[in-house]
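As recorded in TrEMBL, the features of this protein are as follows:
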BINDING   A:R73, A:P74, A:M75, A:S76, A:G97, A:T98  FAD binding site
BINDING   A:C244, A:C249, A:C252, A:C268  [2Fe-2S] cluster binding site
DOMAIN    A:20-122  domain 'FAD-binding FR-type'
Amino acid sequence: MTHLPTIVPVPVLQGLRPRCSEANCKVVSNTPVNGEYRLLVLEAPEAILDCQPGQFFQLLCPAPEGEHPFLRRPMSIYGYDKAAGRLEFLYKVTGAGTRGLATLAPGDGFNVLGPLGQGFSMQDDWQNLMLVARGVGLATLAPLARMAQEKGRKLTAICSARRPDLAMSVDLFESYGAEVIIVHDEDGSSAPEALRPLIEARIAETGVDAFYTCGSSRLLRLLQDIGARHGIPGEIAMEQQMACGLGMCQACVRNFRVGDRIIQRRVCREGPVFPISEAI
Amino acid sequence: MKDMHPVDLSARIGALTLKNPIMPASGTFSEDLADVFDLDVLGAHVLKTIMHGTRSGNPTPRVCDMQAGMMNAIGIPSKGIEYFRDQTLPYWADYRAPLVVSISAHSVDEFARLCGEVSLPGVTAIEANISCPNIEADGNAFAMRPDTTHEVVTRLRAETDLPLWAKLTPNTGEPVEVARAAEAAGADALIVANTLLGMSIDIATRRPRLGNVMGGMSGPAIKPIALRMTYQCARACDIPVIGCGGIATLDDVIEFLIAGASAVQVGTATFQSPTVMARLIAELADWMAAQGIGSLEEIIGTIEAPEAGTCI
């Protein structure tokens, strides 16, 4: 026990319980999952593990060779386990921040801020759930599977990818009792025109009470259309470039359609989870 | 040898006494930070600049990284004076720390009107953001020139009895003349300085990294510039200077105080570590105790420097 994870000390808290904290974690493992993704497992203090599916952390990424990521990088939670003191992120190496993440080795210290934002809801009358997501968006939705199982809901997970072997989180979804349907680009099953009959057949057979999605604007539009036709609500986790992650800087705004008005919301604060019907 | 002489962290900004010299820089602070620590530990609360009407701000992306800092072109999204009066001000009434309201406008008349309208009970001081480079074309702001600075600060002074702080820009070539103009027009303190106008291009797409094309640089990269201007303005003026620009560590705080700052604002560092201001306050107290320094007066402006030359 050479490096106990700690919360970064703040001198005066006067009995206030922070909603989120800056914490030093320890890297347990950081390994490739397939050709495109890596899984980062952290030993994390209990105080930051009261998470909701869909929430995110701001990661202080180490600098990779020749690059200088300065701002924290927002990353949705892939897994969290308060009892085990574990926090997990599934990421794709795409820029300076994630290239820095890829350099983390077991035993390294790693500073995170969170949990942040508003997570997914699962309303009482949402019994039959359908998750439709693509690529790394599936990582964001992964914690939903455990939540669905804990609440005794039925979950169908439609996992979209370029190739069948790149579909993320399939084993995880199945381990929490979800029915998994893999669709991919190679046989065209991931195209919206192929997905529409698949989803509508499921609505006709068993009913769908709510959709969840992340990671594809085409899937968003498809679910907005199907949801509007059948009166099915849903939620989407969205992304935007961020600086503070707390709501202070106003960098991460996006437009939303509310009634006949277009309004701005901060992805970090009012989101990252929003109603599918209002997303643009 | 502990706490034999209690350390007095209080900072005097004209007629105001702050309990410590650490406060947030406008635009990097809001009630959202109360999720992380007790905001009443701060010397003051400085709110994000408001304008009279509503504004949606700049297109995204609004921020990007750079080496040792960041750039932003947020564009001062504002919910306007009514929202400020009805929603923002009541929220801060629960805190004991002095409330500093930052204001800006496109014209002198609008600036003066807003200054009068925000001079409300619960507001301790007004920070006039006469330097935000994102508002006026090509970074031209009131604080670029002594004459426009003098004109706007004179009008603001006439509209309020509250302490009036003028936030200067590092984009001017005449920082001392601008500082003297603000002082002559009745400013009670100067914030030195704001972000430095910059730009970044993604070479793969050949597009600017900011939706607004240009933006304000902040963070450790601009600290030497802010420190130099703090030194220049503190020597040239009798009113207090509040240092601002890249301050992230205890050494940075002490450096600005030695250069002549009476207090400091911390901005971008909060984005890297939201608890940094609370830590800096504690570290400053510990350092002063260890050094046997009883008050900030023993640090402020104590630079051991020969008269600065005009050439470098």
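Any Cβ shown, glycine's included, is placed from N, Cα and C.
Note: TrEMBL annotation is automatic and uncurated.
Shown here: features listed in TrEMBL, placed on the structure.
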{"residue": "A:R73", "record": "FAD binding site", "DSSP (3 states)": "strand"}
{"residue": "A:G97", "record": "FAD binding site", "DSSP (3 states)": "helix"}
{"residue": "A:C244", "record": "[2Fe-2S] cluster binding site", "DSSP (3 states)": "coil"}
{"residue": "A:C249", "record": "[2Fe-2S] cluster binding site", "DSSP (3 states)": "coil"}
{"residue": "A:C268", "record": "[2Fe-2S] cluster binding site", "DSSP (3 states)": "coil"}
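Within 10 Å of A:P74 (FAD binding site), as judged by C-alpha distances, the binding-site residues found are A:C268; the full candidate list was A:C249, A:C252, A:C268. Cβ proximity to the [2Fe-2S] cluster site centre (mean Cβ of A:C244, A:C249, A:C252, A:C268, cutoff 8 Å) flags the following additional same-chain residues: A:M242, A:A243, A:G245, A:L246, A:G247, A:M248, A:Q250, A:A251, A:R266, A:V267, A:R269. Cβ atoms within 8 Å of the centroid of the Cβ atoms of A:R73, A:P74, A:M75, A:S76, A:G97, A:T98 (the FAD site) belong to the same-chain residues A:F56, A:L59, A:C61, A:F89, A:Y91, A:L101, site residues excluded. In sequence order there is nothing to list: of A:P74, A:M75, A:C268, none of the binding-site residues comes within a CB distance under 8 A of chain B.
Of the residues the record lists as binding FAD, namely A:R73, A:P74, A:M75, A:S76, A:G97, A:T98, the two whose Cα atoms sit farthest apart are 14 Å from each other. In this structure, A:T98 is the one among the binding-site residues A:S76, A:T98 with the smallest number of other Cβ atoms inside 10 Å of its Cβ. Listed in sequence order, A:M242, A:A243 are the same-chain residues six or more apart from A:C249 ([2Fe-2S] cluster binding site) with CB atoms under 8 A from its CB. Separation of the C-alpha atoms of A:M75 (FAD binding site) and A:C268 ([2Fe-2S] cluster binding site): 11 Å, rounded to the nearest whole number. Across the domain 'FAD-binding FR-type' (A:20-122), the model assigns an average pLDDT of 95. Of the listed binding-site residues, namely A:M75, A:C244, A:C252, A:C268, the sparsest CB environment within 10 A is found at A:M75.
Listed in sequence order, A:L59, A:C61, A:P69, A:R73 are the same-chain residues at least 6 apart in sequence whose CB falls under 8 Å from the CB of A:G97 (FAD binding site). Put simply, A:T98 (FAD binding site) is 19 Å from A:C268 ([2Fe-2S] cluster binding site) when counted between their Cα atoms.
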